[in-house]
Amino acid sequence: MKRGVLIVLSGPSGVGKGTVRKALFEEPDIDFQYSISMTTRQPRNGEVNGEDYFFVTRDEFETEIANGDMLEYAEYVGNYYGTPKKFIDQTLAAGRDVLLEIDVQGALQVKEKMPEGAYIFLTPPDLAALKERLIGRGTEAMDVIDRRVSAATAEIRMMANYDYAVVNDEVSLAVNRIKDIIKVERLRVNRVLPEYIKMIEELEA
Ligand code: 5GP
């Protein structure tokens, strides 16, 4: 059976990963399975357990880690977020495609374990706009703004670890770019060759 394609959508905080991911799954021709993350943060209004996240306690999360059941996990603003391993393994083995939407720390961990995936970095259109937005908001002191901008630029440098960069200038445009990437991924030799090797083996049997 041909293995499914793993797509990892990631990028700096505040770039709009969640919005783009939701819009992508609304497309009629997207047949990906979404890997539902586990988190210790409280559900927001309207969020459903087992749909948006698996909401668990810190104890439960730490048990999962200890049992080796997380493909990756990270702590973000005081809460754990992680990807349950079993769903990914089973879904890919069944030949179905999986999409993960996770932060930059998590994506690096997944890449070490599953380098064959397609790693997409969602990026803001420009950094000057980010700084202006923070200044314009007028809620933070200049030194805080500078810290935030340098945190964002450090995250942008992480782009070097990815295969594709998608600018999130407009959600619908970002979605189309991701769909193009998915199409190209299916044509990569390392996905197609195993099938031909099998055919050759059958011919020669
Ligand atoms: P939020 O609390 O806004 O839903 O998510 C906060 C951040 O955690 C976002 O950047 C989101 O992409 C990231 N995130 C969500 N699920 C996971 C996960 O399973 N692993 C990691 N490493 N990050 C995640």
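Placed from the backbone N, Cα and C atoms, the Cβ positions cover glycine too.
Just so you know, TrEMBL annotations never went through curation; they're auto-generated.
The structure displayed is predicted, hence computed values, not measured ones.
Annotation comment: TrEMBL describes 4-183 as domain 'Guanylate kinase-like'. Among the features that TrEMBL reports, ATP binding site is placed at Gly11, Pro12, Ser13, Gly14, Val15, Gly16, Lys17, Gly18.
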> Taking the Cβ of Gly18 (ATP binding site) as reference, which residues of that chain separated by at least 6 in sequence fall under 8 Å from it?
Replying inline: Glu101
>> Which binding-site residues from the set Gly11, Pro12, Gly14, Lys17 have a C-beta atom lying less than 6 Å away from ligand 1?
In response: Lys17
> What residue among the binding-site residues Gly11, Pro12, Gly14, Gly16 has the most other CB atoms lying within 10 A of its CB?
Replying inline: Gly11
> Given the recorded ATP site (Gly11, Pro12, Ser13, Gly14, Val15, Gly16, Lys17, Gly18), which additional residues of the same chain have their Cβ within 8 Å of the Cβ centre, ordered by sequence?
Replying inline: Leu122, Asn168
> Across the domain 'Guanylate kinase-like' (4-183), what is the average pLDDT of the model, as a whole number?
Replying inline: 93
>> As a test of the contact definition, list every same-chain residue at least 6 positions from Val15 (ATP binding site) whose Cβ is closer than 8 Å to its Cβ.
In response: Leu122, Thr123, Pro124, Asn168
> Since the record lists Ser13, Lys17 as binding-site residues, which of them has the fewest other Cβ atoms within 10 Å of its Cβ?
Replying inline: Ser13
